Amino acid sequence: MCAVLSPPIVSTPTLGWVDWSCSLIVASLVGAFGSSFLYGYNLSVVNAPTPYIKAFYNESWERRHGHPIDSDTLTLLWSVTVSIFAIGGLVGTFLVKVIGKFLGRKNTLLVNNGFGIFAALLMACSLPAGALEMLIVGRFIMGVDGGIALSALPMYLSEISPKEMRGSLGQVTAIFICIGVFAGQLLGLPELLGKESTWPYLFGVIVIPALVQLVSLPFLPKSPHYLLLEKHDQEGAEKAFRTFLGKEDVSREMQEVLAESRVQRNIRLVSVLELLRSPFVRWQLITAVISMACYQLSGLNAIWFYTNSIFGKAGITPEKIPYITLSTGGIETLAAVFSGLVIERMGRRPLLIGGFGLMALFFGILTITLMLQDHVPWIPYLSILCILAIIAAFCSGPGGIPFILTSEFFQQAQRPAAFTVVGTVNWLSNFTIGLLFPFIQQSLDTYCFLVFAAICFAGALYLYFVLPETKNRTHAEISQAFAKRNKAYPPEGKTDSAVTDDKMNIQLEPDSSSALEN
């Protein structure tokens with residue numbers, strides 16, 4: 001296995017990246033396949049079998065109560081089925097800090113696979129058992145899996161990568177979310193599993209990524225940051241760095257982590273309340289919260305959840321809808337890969353601001369095309385192009401960068417609390433959109449997308465004035481960039497900067513445990 005042998009180096013100089021070791025590639029791919037892939041898959045998988053699931057709900061209701069379900073109750077049940085995924089995600093977000101404190105990032109991801117496998121079995125067996133509650137409870141548990149994954153995975157990937165490749169490795173999370181969405185759309189085609197007799201298998205296949213991660217991840221090391229800063233295992237941290245970076249000399253990376261440890265001598269995890277009260281990270285937290293809120297409220301989840309109904313409104317015939325929907329997954333994946341390739345060149349700031357700005361523009365155009373679709377025969381196809389453009393703009397920046405920023409803004413001891421706060425905003429926003437969008441669509445009709453255009457424009461405006469560029473910056477440098485706005489300079493600023501400036505002149509001693517003393 002790559003984690004045991006001396007890892008080969010994969011060099012990609014044409015892209016401007018630093019060397020990628022085999023272990024780093026395997027950790028990012030396996031981690032994302034069993035985590036963010038499942039999140040994306042569960043966003044889109046409920047879309048194709050919607051009529052069959054509603055028919056199943058109606059049959060179950062009639063069998064129990066002796067009469068068909070009324071339309072309002074069916075709409076409510078369906079909205080709960082879609083949006084309860086987000087409630088589970090919120091619960092998972094709160095569990096991350098508790099589980100991660102004792103198990104670390106890697107083991108948290110491993111334990112999380114249990115939630116995914118259990119949820120898959122519940123949902124796959126709901127039709128044979130004739131119990132609609134099993135599907136709803138399974139969606140909730142799958143949300144718990146997603147909540148844990150979207151907090152633990154970005155932390156793990158951020159802590160195993162050097163700062164020169166944090167952005168590219170962090171975008172793996174977004175890329176696999178998009179691949180998961182595409183996989184859900186592909187398997188939902190009528191020729192595959194999107195039929196009345198086979199739709200439960202759409203949920204059963206969730207066990208495959210969970211099992212792949214469960215059998216692969218144990219062969220990879222834990223996060224070197226976690227080993228050094230929380231477990232005070234210097235030897236284990238050095239070994240983990242050598243495995244992930246594929247080189248023997250890891251003194252520079254060790255010095256960067258030791259610099260953080262010197263200013264956190266009595267390191268302990270910061271509570272959510274302490275983080276909210278800290279003046280040194282106030283604007284970092286506000287920026288992370290706003291970027292994540294805009295990520296969810298930008299309207300993409302509404303498109304993912306309800307693409308069939310949106311394309312129906314755009315005038316597409318029911319027979320063509322599954323194939324048009326499939327194109328959205330392909331566009332998402334290509335845009336996310338593009339973002340991963342250019343993020344270390346262009347930086348986080350232009351991709352994030354540009355993405356939200358373009359989304360606002362195309363949401364406005366989409367509103368106009370939906371108003372005119374009954375008057376001009378080619379207008380519905382222009383609506384489709386607008387939807388594809390919105391998706392491409394989202395996945396090229398806003399789709400992954402908020403997770404990267406949360407990892408970059410905060411120290412090791414603050415990260416779990418920060419992900420709890422940001423994750424709470426993420427899942428509450430997700431729940432709000434999933435539950436309310438059908439009613440917003442009924443009330444505002446074609447004008448509903450102007451709400452999302454306003455949110456995207458406001459987010460781009462805020463980030464333009466507040467967000468500094470974090471590309472290739474250490475935590476100390478990012479903190480200094482926010483210090484003037486916070487009106488409080490972090491106490492570690494001078495110490496950390498001094499260590500950073502001189503780190504190439506300092507040789508790591510064989511025993512540096514004194515730097516880790518409490």
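Backbone N, Cα and C define each Cβ position, glycine as well.
As recorded in TrEMBL:
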type: TRANSMEM; residues: 20-41; note: transmembrane segment
type: DOMAIN; residues: 28-471; note: domain 'Major facilitator superfamily (MFS) profile'
type: TRANSMEM; residues: 76-96; note: transmembrane segment
type: TRANSMEM; residues: 108-130; note: transmembrane segment
type: TRANSMEM; residues: 136-157; note: transmembrane segment
type: TRANSMEM; residues: 169-187; note: transmembrane segment
type: TRANSMEM; residues: 199-220; note: transmembrane segment
type: TRANSMEM; residues: 285-306; note: transmembrane segment
type: TRANSMEM; residues: 321-343; note: transmembrane segment
type: TRANSMEM; residues: 350-372; note: transmembrane segment
type: TRANSMEM; residues: 378-405; note: transmembrane segment
type: TRANSMEM; residues: 417-440; note: transmembrane segment
type: TRANSMEM; residues: 446-467; note: transmembrane segment
type: REGION; residues: 487-518; note: region 'Disordered'
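Here the transmembrane segment (169-187) touches the transmembrane segment (321-343). Their Cβ atoms form 3 or more pairs under 8 Å, with each pair 6 or more residues apart.
Counting Cβ pairs under 8 Å that are 6 or more residues apart, the transmembrane segment (76-96) and the transmembrane segment (136-157) reach 3 or more and are in contact. Contact count against the transmembrane segment (378-405) (Cβ pairs under 8 Å) is highest for 321-343, out of 20-41, 199-220, 321-343, 417-440, 446-467. Summarised as a single figure, the pLDDT of the domain 'Major facilitator superfamily (MFS) profile' (28-471) averages 83.
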